[in-house]
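What Swiss-Prot says about this one:
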- 1-146: region 'Interaction with the N-terminus of SPBC24' (REGION)
- 1-58: region 'Interaction with the NDC80-NUF2 subcomplex' (REGION)
- Ser12: phosphoserine (MOD_RES)
- 72-128: coiled coil (COILED)
- 147-226: region 'Interaction with the C-terminus of SPBC24' (REGION)
Amino acid sequence: MGEDELALLNQSINEFGDKFRNRLDDNHSQVLGLRDAFKDSMKAFSEKMSLKLKEEERMTEMILEYKNQLCKQNKLIQEKKENVLKMIAEVKGKEQESEELTAKIQELKEEYARKRETISTANKANEERLKGLQKSADLYRDYLGLEIRKIHGNKLQFIFTSIDPKNPESPYMFSMSINEAKEYEVYDSSPHLECLAEFQEKVRKTNNFSAFLANIRKAFIAKVHN
């Protein structure tokens, strides 16, 4: 074989080697590309499956929670049903007691109305009596130096003057009212008189109010001179 033929053979061998290596490089690149694509696909599939599993777990938990809630609701409904049935039975068993209670309430209402009317009548009578006392006060004022004022609590305040000759305008006073028993009730005086309780007892027995006022005035005069 001549040199030209050897050179041509070597050239052919080299060209074939280059083509083979290029083909191997291309195949290797394709294999690597396929491997990477497969990895990406598997990763995406794995993530998708993981999300799906988590979603299924969440749905399972929700279903279990719903079942638990449903059981609780059913239990509560059953308890309420039993309570309602019990209440119905109690109501049916207490119909007579309810009627008696209604009658008792009506009786109490009527009694309250009677008492309210009695109190109202007593208050009106007391007001009329106080008005009478106030009217009498106008007469006493000119002759005994007495002034009568209505103060809080439906009380009357009796104020005497011309008791002390040295100070005729100096006030001497006591207060009184008519209690629920329609009796005179005397309160403290200024200055204090030890005989107030005695005078109160006497006017309750005699109902002589003029004498009562005269005795109070005399007691104040005696206190000034003593």
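Placement of Cβ uses the backbone N, Cα and C atoms for every residue, glycine included.
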Per-residue pLDDT averaged over the coiled coil (72-128), given as an integer: 81
Number of other Cβ atoms within 10 Å of the Cβ of Ser12 (phosphoserine) across all protein chains: 10
The region 'Interaction with the NDC80-NUF2 subcomplex' (1-58) - residue tally per DSSP class, helix then strand then coil: 56 helix, 0 strand, 2 coil
Tally of DSSP helical, extended and coil residues in the region 'Interaction with the C-terminus of SPBC24' (147-226): 28 helix, 27 strand, 25 coil
